[in-house]
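Going by Swiss-Prot, these are the annotated features:
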REPEAT    12-111  repeat 'Solcar 1'
REPEAT    122-208  repeat 'Solcar 2'
REPEAT    215-310  repeat 'Solcar 3'
TRANSMEM  18-38  transmembrane segment
TRANSMEM  92-108  transmembrane segment
TRANSMEM  128-148  transmembrane segment
TRANSMEM  180-200  transmembrane segment
TRANSMEM  221-241  transmembrane segment
TRANSMEM  285-302  transmembrane segment
Amino acid sequence: MSESAEHLKDEGSKTQSMIAGATAGLIARFVIAPLDVVKIRLQLQSHSASDPLSQRDLRGSPIYKGTIPTIKRIFREEGLAALWKGNVPAELMYVSYSAIQFTTYRSVTLGLQDAFGEHRLPAAAESFIAGASAGAVATTATYPLDLLRTRFAAQGIERVYTSLRSSIRDIAISEGPRGFFQGLGAGVGQIVPYMGIFFATYESLRLPMGTLNMPFGSADASAGVIASVIAKTGIFPFDLIRKRLQVQGPTRERYVHKNIPVYNGVFQTMRHILHNEGYRGLYRGLTVSLFKSAPASAVTMWTYERVLGILLKWEKSQELSK
């Protein structure tokens, strides 16, 4: 945790928050990229490995079961690089998202403090509002990159898109501007409570855990892991719905899963999944998602705190040298 700072949101300038957030996002994304590909493949799988009746219309689609077997199968059939499919738009998304998220979080919190003055909101409420606002703004601003990441990760041996440039051109021509925002409603519906719960939990744990003298400055990382697990489990169905909506359109039957159903809107998608796959269908990929989110949040928050601390020390040294 950075020195002499009571709250994450009070630390550093807007530029410092943006640099630290972007750096944290870049590093975290590369570390968890293979787990992200596995999660997306499992989320898009509408058939069950344990239900033969759901496998009647596979159309050549693979049957994935579990994190490790899925990693092995992707590696065997598509090669090592396949575990980083969609990493270019994902890196761009994570860097942009993290920078916007931390900057907005700080700005909203300071705005709330100015608005309420001496009658400041409780810390948990303040963190929830700032976190939810930051999540909504960052999600909307970077959503086209999120959609591209999903579509690239969903590609099997057959390549639907050959490059980032071609994917943007093809979607713009065949689906129009709205094609880049398919599933945005589910994305915002997911991220607002997620970020609110995440930051409120993180802020409530960060200072108490900071007094435990954990090795390697791991208190920030541990708080990030716990906050991420709690938040991710609560909103996971919306994340799955978002992924299935993102691969709708003229290329729907060309991804690794050839039998992805036609979905229209968040609630119709949820009803369809519940009717055909049951409640478990809404939680496909949850385990790997938690495995992914925990290290991602730990790396993100640990890196953010370290980079911000370095920037603050550098700024202080510059002031002293004048």
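Cβ atoms are placed via backbone N, Cα and C, with glycine included.
Within its own chain, the transmembrane segment (18-38) is flanked in space by residues 12, 64, 67, 70-71, 74, 82-87, 90-91, 93-103, 149, 153, 285, 288, 291-292, 295-297, 299-301, 303-305, 307-308, 311, which lie at least six positions past its ends and keep a Cβ under 8 Å from the stretch. This prediction places the mean pLDDT of the repeat 'Solcar 3' (215-310) at 88.
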